[in-house]
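What Swiss-Prot records for this protein is below:
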DOMAIN    91-239  domain 'Nudix hydrolase'
MOTIF     128-149  motif 'Nudix box'
BINDING   Glu134, Glu147, Glu169  Mg(2+) binding site
ACT_SITE  Glu143  active site, nucleophile
Amino acid sequence: MQLKTSIGLITCRMNTQSNQIETILVQKRYSLAFSEFIHCHYSINSNHSHLIKMFNNMTINERLLIKTLDFDRMWYHIWIETPVYELYHKKYQKFKKNWLIPDNGKKLISLINQAKGSGTLLWEIPKGKPKENESDLACAIREFEEETGIAREDYQILPAFKKSMSYFEGKTEYKHIYFLAVLCKSLEEPNMNLSLQYETRIAEISKISWQNMEAVRFISKHQSLNLEPIIGPAFNFIKNYLRYKH
């Protein structure tokens with residue numbers, strides 16, 4: 001069993017117009033299933049059940065992209081112009097060995113055609129993988145700024161709150177650890193701009209927005225990742241924090 005850990009920061013504000021607590025969510029540019037397939041994180045077993053499940057969790061456009069058998073386009077969809085040539089060469093060789101050499105992609109296309117429905121691009125809390133020797137909190141702070149553009153001095157960490165969630169995909173366990181922060185007063189305005197112009201944000205994210213609890217519940221009902229068990233307790237913590245603060 002492989003363990004993959006990501007660290008995130010739930011950052012909240014009190015919307016001064018609606019008088020509701022909101023948090024920042026980001027929508028990824030590609031599905032986890034698509035990324036796992038392109039990076040060859042799968043096993044080829046006799047019935048291919050895990051692969052078909054991966055294809056089920058991809059968007060229709062991602063499945064169509066794989067059916068072109070053009071690995072350069074698949075790789076570019078994730079990495080855009082990031083120069084990772086050594087990793088690209090390694091993954092391309094594995095893709096070619098698995099799918100192109102045996103039958104020029106016929107088996108792969110047949111498996112994709114067995115997929116039913118379509119996955120969605122996840123809305124999630126800004127998070128990422130820690131670097132070597134990086135603490136959990138330092139990782140959460142760095143990833144949050146990379147994905148939102150909001151600097152460390154613009155919010156306050158609430159150290160008493162820390163939550164985690166785990167789920168399994170095939171032989172991989174995904175563990176997410178979350179810290180909590182509240183925005184400074186000057187950034188609570190409803191129309192505070194969230195920009196996608198920063199290079200890292202363009203590469204990883206398609207949308208970024210403030211969401212209240214009603215929106216979080218709606219999003220969670222329409223995607224595989226349920227955010228409510230994490231964001232619900234965070235909002236309750238913020239309510240108590242603001243009550244005692246004032």
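Note: Cβ is positioned from N, Cα and C throughout, glycine not excepted.
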Return the residues near Glu169 (Mg(2+) binding site) by Cβ distance under 8 Å, restricted to its own chain and a separation of at least 6 in sequence.
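The answer is Leu32, Ala33, Glu36.
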Measuring Cα to Cα, tell me the gap between Glu134 (Mg(2+) binding site) and Glu143 (active site, nucleophile) in whole angstrom.
12
Between the recorded positions Glu134, Glu143, Glu147, where is the Cβ count within 10 Å the lowest?
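Comparing Cβ neighbour counts within 10 Å for the recorded positions Glu134, Glu143, Glu147 gives Glu134.
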Taking only the residues in the motif 'Nudix box' (128-149), give me the average pLDDT of this model.
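Value for the motif 'Nudix box' (128-149), mean pLDDT as a whole number: 94.
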